[in-house]
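Here the structure comes first, spelled out in structure tokens, and everything after it is commentary.
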Amino acid sequence: MTANELRKMYVDYFKERGHQEIASASLLPENDPTVLFTTAGMHPLVPYLLGENHPKGTRLVSVQKCVRTGDIDEVGDDTHLTFFEMLGNWSLGEYFKEESISISYDFLTTCLNIPKEKLAVTVFEGDELVPRDEEVSQTWKSKGLQDNQIFYYGREENWWGPAGQTGPCGTDTEIFYDMGKPSCGVNCGPACDCGKYVEIWNNVFMQYHKKPDGSYEEMKQKNVDTGMGFERVLTILNGYTNVYETELFLPVKNRLDEIIEANEAKLSEKSKRIICEHIRAVTFLLGDPKMIVPSNSEQGYILRRLIRRMIRHLKQVSIENNVLCKLSKVIVEQYGSIYVELRENELFIMEQLEKEYDLFSKTLDRGLKNAKLYFDQVGEEKILNGELSFKLYDTFGFPIEFTIELASEMEITVDVEAYNQKFAEHQKKSRQGAEVKFKGGLSDHGEQTTRLHTATHLLNGALRTVLGTDVFQRGSNITEERLRFDFSFHRKLTKEELEEVERIVNEAIRNQIDVLCEEMTVKEAKELGAVGIFEDKYGEVVKVYMIPGYSKEICGGPHVKNTSELKSFRTVKEEASSAGVRRIKAVIGSN
């Protein structure tokens, strides 16, 4: 069975049973600070699982792009992936356990022709608060599963939620495929890691609401949330032992082999797998509609880590030229008809890969040489201290996970706690230095710097008007002569865009607008629509400076009383500051 056939078969099957298809959401979850990426098909549906009405009804189906980063170091084995697709179906208050299991069982045995003897399932065994899930157990038995195919586990294996201290939660039943390997012992089952059982589908039943006192009550609207591992099922259906044998990885693996052969190099099978897996994940992250860029924090940090890991494996065998773009093009070609954003953002993907390669390759060789010197210094205890591991980060840009991976190849342990202490000291010094040099981004509070400070607010507002509201300030510096403003954006501004930014700022100056200031809570400021990336330093009550029609920002000040005091505004230079960050230098008219 091909990948496209499996996707289509799944969606069509559920459509025939009254489900409406919903498109894959972004890899960046909407309004969920608890996770970096969309890790399951349920992420975009959380409000509806909590009771809101979905515009497409109560039965839904999707193929969702997902990224999970907890097992990056495991990538290269037979099963672990950072990027994957999840097939999912949902019932929002309609069908429940019996119908959900019946639908799942029918799809597996009738559509995919998996013999029921190859299935194993897990069921919640019950505890002092919630009884054993007999309904699930009896439903599976009614399908012909024998007692030795049904395994009972506690909350660690067969319970979902709540996300916080209280809220929706419930039991689940996981469906496994028996790979035919011999049992590892008398207690062998789906919960062990011997490889006999591979999980392919999970049905979560949101039945209870956990109350503040720790007790549970039945929910009025009971929901079903299911997720099937697309890559795993495709591997099993085609009789392969690992996901890298499937058509999902063969095109990029073949291209990588061509490059290796052309360079007369030799690369281990694990390194090949890491590169093929990571280039797929990186291509989807860079190609996401929200355009993630490599950086040193949050999603950008994970992206940078994946890219640098690939570069390191390629450099190991002296493949010097940047082949990442060649590999990424294979992914775009392969998936572009299904996920059109990859083709739409192909140029951006290639630009970012080139930039990150150029940025890292300059220091990688020196860094690897120094890492070897540091490893030679560890002595018999085979522990790399915090000072040396921090030097690799501070001087050569090696993420700590990167250093750990290098060290493990030489059977050396990294003192991560000592590294974290050094890193914290570095951050503290950096913050103190910044406060001494430019308090609030200003070199002083003189008349000229105050005028330029107000100009940065107008510039920020104009950039968001011209380029979009996903543009955010990334830093600023003001002297007597000019302002310097850094902002998140992925490419050079066109001449027309810069001219429009200038026009908007000068329009605000000509309109002679009073600059208003109000004190309010951070919550009130956000509800007002104020922007600001430095809220944490201002406390609970903040000042919001407003230039009506042009700007609302949380800020410590100071500012001019009227925009006319700026006289005029002109950009002097627009350039790259770092990956995904642009910089504008500008001046204003003299008094």
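Keep in mind that glycine also has a Cβ here, set from the backbone N, Cα and C atoms.
Fair warning: this is a prediction, and the values are worked out from it, not measured in the lab.
According to Swiss-Prot:
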BINDING   His453, His457, Cys555, His559  Zn(2+) binding site
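The Zn(2+) site, placed at the center of the C-beta atoms of His453, His457, Cys555, His559, has further neighbours from the same chain whose C-beta lies within 8 angstroms: Thr454, Thr456, Val515, Tyr545, Glu553, Gly557, Pro558.
Other Cβ atoms within 10 Å of the Cβ of Cys555 (Zn(2+) binding site), summed over all protein chains shown, number 24. Using a 10 Å radius centred on the Cβ of His453 (Zn(2+) binding site) and all shown protein chains, the other Cβ atoms total 23.
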